[in-house]
Amino acid sequence: MKKKNIYSIRKLGVGIASVTLGTLLISGGVTPAANAAQHDEAQQNAFYQVLNMPNLNADQRNGFIQSLKDDPSQSANVLGEAQKLNDSQAPKADAQQNNFNKDQQSAFYEILNMPNLNEAQRNGFIQSLKDDPSQSTNVLGEAKKLNESQAPKADNNFNKEQQNAFYEILNMPNLNEEQRNGFIQSLKDDPSQSANLLSEAKKLNESQAPKADNKFNKEQQNAFYEILHLPNLNEEQRNGFIQSLKDDPSVSKEILAEAKKLNDAQAPKEEDNKKPGKEDGNKPGKEDGNKPGKEDNKKPGKEDGNKPGKEDNNKPGKEDGNKPGKEDNNKPGKEDGNKPGKEDGNKPGKEDGNGVHVVKPGDTVNDIAKANGTTADKIAADNKLADKNMIKPGQELVVDKKQPANHADANKAQALPETGEENPFIGTTVFGGLSLALGAALLAGRRREL
């Protein structure tokens with residue numbers, strides 16, 4: 001029995017050993033294939049992660065996978081090394097910013113400096129730029145719209161008066177940038193002073209306006225015209241007064257007064273002009289008008305008027321002697337002696353007898369025309385004056401004189417000397433002489449009878 005049991009035990013041991021050996025043999029023959037097909041969970045995870053690491057190149061990825069295959073027990077270590085290398089090769093955020101295209105960079109900078117975006121809005125737009133740089137222009141446009149819509153409205157704080165002042169000051173052309181900004185800041189600081197600030201701005205704008213030569217006021221224009229026609233100013237003086245008018249039109253009256261004073265001071269003296277007039281006008285007038293009158297009127301009157309001819313002498317004498325005497329001695333004397341004397345003495349050469357007038361200081365064309373019985377336009381036309389007010393002392397003007405009616409009658413009388421109508425006094429004298437002769441004949445006849 002004992003032997004039988006021992007045999008059985010031995011037989012069982014051999015069987016177990018055989019089975020074990022077979023198992024070992026079988027296991028040793030299929031190990032590489034089983035390892036490749038049946039990775040444990042750690043190996044599988046490591047394999048999957050290494051395949052999806054974006055920053056590994058192909059050689060690096062294949063090397064890590066081969067290491068996992070070679071020694072699955074080192075899967076955790078291999079995976080750790082792969083992750084480190086992947087992280088070290090990952091692109092930095094700053095580097096990405098530096099690689100933005102030009103539009104993206106510009107948009108990024110502008111959005112960062114938009115004052116009316118809050119932090120969340122700004123970060124949202126920047127993230128959109130990072131996600132899709134090709135949309136930089138659109139993202140920037142949206143950011144600008146939002147920034148403008150959230151800007152504080154300046155007009156909401158201005159009242160109507162302030163708004164008007166603000167607008168007017170902005171459009172004042174003669175203020176410089178600093179002045180304009182100063183007034184606008186004052187408007188913002190105190191809107192209640194809008195009217196006063198606007199008034200000050202207007203004054204400053206007007207004071208700095210360029211002076212326009214063609215915008216003379218009426219007073220300035222008058223002074224300008226008169227100074228141009230002052231005959232005794234030289235060119236330099238005239239230009240000086242005109243420049244003063246341009247510089248300050250408000251003192252036009254004072255400038256004109258100074259110009260007139262200087263013009264009068266430089267006028268030619270009248271002493272030289274009066275002497276010929278006195279000699280020509282007064283002395284000849286007295287000699288021609290008084291002496292001949294006395295001789296012609298009084299002597300024949302005395303001879304004729306006592307005995308025979310009271311009737312003939314007095315009546316005709318009064319009519320013929322006095323009236324003609326007055327006409328001949330006084331009127332012609334005044335005309336020939338006094339008027340020409342005044343004209344020759346006071347206004348030198350107003351008329352020299354040949355229809356020529358010599359201009360004296362103070363003369364105007366209108367005055368000359370009135371004195372000579374013509375018109376200013378006629379004088380201007382005859383002398384080809386461009387401006388009838390532009391005449392100078394000493395200038396000779398042709399005057400087409402129209403004589404008064406009494407002169408015309410005198411001329412007619414002078415044109416008929418044969419009839420005795422030239423001078424009524426001559427007719428009276430002849431008549432008186434005949435009367436005397438007749439009286440003398442009668443007187444002689446009576447004496448003979450006696």
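Quick reminder: no glycine exception, Cβ is built from N, Cα and C everywhere.
The repeat 'Immunoglobulin-binding region E' annotation in Swiss-Prot covers 37-92. Look at Swiss-Prot and you will find 212-269 tagged as repeat 'Immunoglobulin-binding region B/C', backed by a curator's inference. What Swiss-Prot lists as compositional bias 'Basic and acidic residues' is 260-354. For 268-355, the entry in Swiss-Prot reads region '12 X 8 AA approximate tandem repeats'. Among the features that Swiss-Prot reports, repeat '2-4' is placed at 292-299. Here Swiss-Prot flags 300-307 as repeat '2-5'. The repeat '2-11' annotation in Swiss-Prot covers 348-355. Taken from Swiss-Prot, the feature domain 'LysM' covers 355-399, and the record attributes it to sequence analysis.
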Checklist line | Within the predicted model, mean pLDDT of the repeat '2-11' (348-355) | finding: 50
Item checked: Counts of helix, strand and coil residues, the domain 'LysM' (355-399), according to DSSP -> 14 helix, 6 strand, 25 coil
Check: Using DSSP, how many residues in the repeat 'Immunoglobulin-binding region E' (37-92) fall into helix, strand and coil?
Finding: 42 helix, 0 strand, 14 coil
Check: Looking only at the repeat 'Immunoglobulin-binding region B/C' (212-269), what are its DSSP counts of helix, strand and coil residues?
Finding: 41 helix, 0 strand, 17 coil
